[in-house]
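Undergrad: If you look up TrEMBL, you'll see 133-283 marked as domain '3-oxo-5-alpha-steroid 4-dehydrogenase C-terminal'. Per TrEMBL, transmembrane segment is recorded for 64-87, 172-191, 236-254.
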Amino acid sequence: VANLLVLHHAAKKYYPARQRLTLPIQPGKSGKPVVLSAKASLSEYCEKGSGSLTVVFKDLGPQVFYSTLFFFEYLGPLLIYPMFYYLPVYKYFGYEGERVMHPVQTYAMYYWCFHYFKRIMETFFVHRFSHATSPVSNVFRNCAYYWTFGAYIAYYCNHPLYTPVSELQMKIGFGFGILCQIANFYCHILLRNLRSPSGNGGYQIPRGFLFNIVTCANYTTEIYQWLGFNIATQTVAGYIFLVVAASIMTNWALGKHRRLKKLFDGKEGRPKYPRRWVILPPFL
């Protein structure tokens, strides 16, 4: 199969990452086509007694490495938030007076920057991706999402008219959030160990720590760490982001939960997927 991918020598723009080779869907059948593995032999896909094989080529369009995609989408919030904290940006919004910063605003800035710095470090040193590349269009979509929400939340958290919560509420929120950030990192380590360094390994049942009770514990801790941030800062912008992010991750988690239950159905020697929460115990 890998030999077919060298067609980019004749057509430079069709480099291997933007090629997808599949078997044609047979007439009268439905479902997704079988994607050919570059490490497999073409003979593995031939029907018995057949010496020929029809392969369908699809151009996936310009691609970018997932590590590059994640780096740019996380870099935006990491840089944008401190701009609202350190720079006199509010004078452009009609606030000319001296701004008094509350301790919670300083802690929120540190918390925010730590979170996105952690994400970037995990991208390069922890995560193992099942797919090496993503469409370039996803860079613009994801950056628009993260950068816009980063500016939206930073504007209100650092606003001159911001009203801080009580010191107790701040400590509870940040304390809970930091615990969830640490738990999230450990969840990513456990997921990393399910794949080989090349990113291969297929689906496996995640086990250990919170994965023993929740299918997508990494999403659970991600959502709850933003809940902690919002308990401490208490802005409408922050809670809107929390709801949107939780909705997106819940959709991903439901899909993964269904796939794992289907793959590990306890039949023909396959293990039975254990009963677990999907993402948000005790609700889902």
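The backbone N, Cα and C atoms fix where each Cβ goes, and this holds for glycine too.
Keep in mind the model is a prediction, meaning the values are calculated, not measured.
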Undergrad: If we skip the immediate neighbours and take only residues 6+ beyond the ends of the transmembrane segment (64-87), which ones have a Cβ under 8 Å from one of its Cβ atoms?
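TA: For the transmembrane segment (64-87), the nonlocal Cβ contacts are 101, 105-106, 109, 112-113, 116-117, 119-120, 123-124, 127, 129, 131-136, 138-139, 142-143, 145-147, 149-151, 153-155, 157-158.
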Undergrad: Taking all residues of the domain '3-oxo-5-alpha-steroid 4-dehydrogenase C-terminal' (133-283) together, what is their mean pLDDT?
TA: 94
